[in-house]
Amino acid sequence: MSKYGDGNFAEKQGGGEALDVAYSHNQGQVMDGTISLDANHQLQRGLKSRHIQFLALGGAIGTGLFVGSGGILATVGPAPLWLAYLSMMLLVWIVMNCIGEMCTYLPLRGITLPYFTERFVDASLGFAAGWNYWYAYAILVAAEASAGAILLNYWETPVPTWAWITIILVVNLVLNIIAVEVFGEAEFWFASIKFITIMGLIIVGLVIMLGGGPNHNRLGFHYWNDPGAFKEYLAPGATGRFAAYWTAFIRAGFSFITSPELIGLAAGETVAPRRNIPKAARRFLGRLAVFYGISSLIVGCIVPSDNKNLLSGTSDASASPWVIGIQLAGIGGLNHVINAAILTSAWSAGNAFLYSGSRILYSLAQNGQAPAIFTRTTKRGVPYTAVLMTWAFSLLAYLNVSNNGAQVFTWFSNLSTISGYIGWIVLLITYLRFRQALKVQGLLATLPFKTPGQPYAAWFALVMISILTLTNGFQVFVKWNYKDFLAAYITLPAFLVLYFGHKIWHRMPFHKPAGEIDVLTGKKEMDDMCANDVEPVPRNWLEKIWFWIA
């Protein structure tokens, strides 16, 4: 008997019948000693389809696209920038599909992704993954606040940096502490501003490329020829061009880190999860293709890679390549509008990451892997102690006060990227064990949401992300720099210490047979809840359009 239930129920009772038999005794029970299946003891389901779709995309469209892409462009040129985003989008789509399958199967309230790792793989791996995610999200809140301070410095206001950081962090805290509906609605409108901004930027970028700007210079792909499509990196010739692409591929991860997980983290607070989670997952790649695929191509066409104002150790006031491109085209005034819109994107991403980090900490506490104080919630279902703890960690953003803003942003982006890669590796391992357990126990056909290419796509992504993780700081081995080495690799030994420390302390086995993995506990409750869902029928063409969008 596993601690969640008997993992062999499916084999004993036979396929689908197991789903009814296995749970006749589980109604109202507490899972794992801490997590209740009783609806009166769970987080509030206040997030709608549009909320979770915009939550995931809002987390993905942040300073990585608006600011960080400029740093990649300056380092390796426009072609590696574009190719890197296309490559990373494929991996993110696979990760999103894996998360979508698991969370649609068991959209349990109060449960986050590390819980699935503990349940389907190993308690020690779940423990390490949970703390790794919490750390990554907390660092990302600080990174977004740092980026916000950089963007605000564009106007050279008399307001000190610490004051701007305080305003950004306090607003994020207020939006997260009130109620999940308030958070979801705020994130929806924040993300809406991002989408309008990026679509407007794509149109403006195309106009500039075609010579429609005030200076009437028809750029086309001029900057791909001069100063060039590739900036050879670390070595001459083909080796240098491949190193440039691989560097861009690694750095592109920052733009996407933890964004697919946002849908999984919100699954327990989502209305009609088996309808809305697949809907959000299916649309994720298409929208990313527009926002990242097209925009990363345009950025490399409107800004030369040798422009001195692109993000670097000495430049952070005009770091957004979009603002630089608009200035070069001679369009007056629009640069201020765009910079303000990009500022809201940093605010939005920080808002989403604070939400996610607090839910991870709440889940760890529910699972007995963090102090019980973090299970406390308000009357409206907000885990306020977890929110406050995650927010407190983000006060690291005040490092901007005594350091160059671009340097601090780079530190935070490096630390969070490697944590995100580790999180994806764990998620893919979790999914593969989950799928193997369903197969062995004869329950694979009961998956309510299936994605293409599995499990081969998951294996491909696992191998690629593992290589990216191990080569994350390959530059330091060519030109040694201990600060860059620590930023690239310090998270790996920290994760391993958490994993092996937990395993040794609790004397956990290293392997759990697929037949013993519990894929049933909570399934019947979720089936019963989702059986009552009635999909809304549009009454007119306007509602048809709205339902397609949201």
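A Cβ is built for glycine as well, from the same backbone N, Cα and C atoms used for every other residue.
Just so you know, TrEMBL annotations are computer predictions that nobody has curated.
According to TrEMBL, the feature domain 'Amino acid permease/ SLC12A' maps to 51-510.
If you look up TrEMBL, you'll see 54-76 (among others) marked as transmembrane segment.
Sequence-distant contacts of the transmembrane segment (82-99), counting only residues of its own chain at least 6 positions beyond either end whose CB sits under 8 Å from a CB of the stretch, comprise 56, 60, 69, 72, 113, 245, 248-249, 251-253, 255-256, 259-261, 263-264, 281, 284-285, 288-289, 292-293, 296-297, 300, 424, 427-428, 431, 451-454, 457-458, 460-461, 464-465. Under the heading transmembrane segment, TrEMBL lists 82-99 (among others).
Positions annotated as transmembrane segment by TrEMBL: 134-155 (among others).
Residues or ranges marked as transmembrane segment by TrEMBL: 161-183 (among others).
What TrEMBL records for 195-213 (among others) is transmembrane segment.
Look at TrEMBL and you will find 233-254 (among others) tagged as transmembrane segment. Long-range Cβ contacts of the transmembrane segment (233-254) within its own chain (Cβ-Cβ under 8 Å, at least 6 residues beyond either end) map to 64, 68, 71-72, 75-77, 79-81, 83-85, 87-88, 413, 416-417, 420-421, 468, 471-472, 474-475, 478-479.
If you look up TrEMBL, you'll see 284-305 (among others) marked as transmembrane segment.
Distant neighbours of the transmembrane segment (325-349): 58-59, 61-63, 66-67, 140, 144-145, 147-148, 151-152, 154-155, 168, 171-172, 187, 190-191, 193-194, 196-197, 201, 204-205, 208, 213-215, 217, 299, 302-303, 307, 318; these residues of the same chain sit at least 6 beyond its ends, with a Cβ under 8 Å from one of its Cβ atoms. Positions annotated as transmembrane segment by TrEMBL: 325-349 (among others).
The transmembrane segment annotation in TrEMBL covers 381-399 (among others).
Among the features that TrEMBL reports, transmembrane segment is placed at 411-434 (among others).
Cβ atoms under 8 Å from those of the transmembrane segment (455-474) belong to residues 91, 94-95, 97-98, 246, 249-250, 253, 417-418, 421-422, 424-425, 428-429, 431-432, 435-436, 484-485, 487-489, 492 of the same chain, restricted to positions at least 6 beyond its ends. What TrEMBL lists as transmembrane segment is 455-474 (among others).
Sequence-distant contacts of the transmembrane segment (486-502) (same chain, at least 6 residues past either end, Cβ-Cβ under 8 Å): 123-125, 127-128, 131-132, 135, 410-411, 414-415, 418-419, 422, 469, 472-473, 476, 508. Marked as transmembrane segment by TrEMBL: 486-502 (among others).
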Message: Three or more CB pairs closer than 8 Å, sequence separation of 6 or more: does that hold for the transmembrane segment (195-213) against the transmembrane segment (134-155)?
response: no
Statement: Note: vs the transmembrane segment (134-155), the recorded stretch with the largest number of Cβ pairs under 8 Å from 284-305, 381-399, 411-434 is 381-399
Query: Over the domain 'Amino acid permease/ SLC12A' (51-510), what is the model's mean pLDDT?
result: 82
- line: Given the transmembrane segment (381-399), its same-chain partners at Cβ distance under 8 Å and 6+ residues beyond its ends are 42-44, 46, 134-135, 137-139, 141-143, 145-146, 149, 162, 165, 168-169, 172-173, 176-180, 269, 350, 354, 357-359, 361-362, 365, 373-375, 408, 411-412
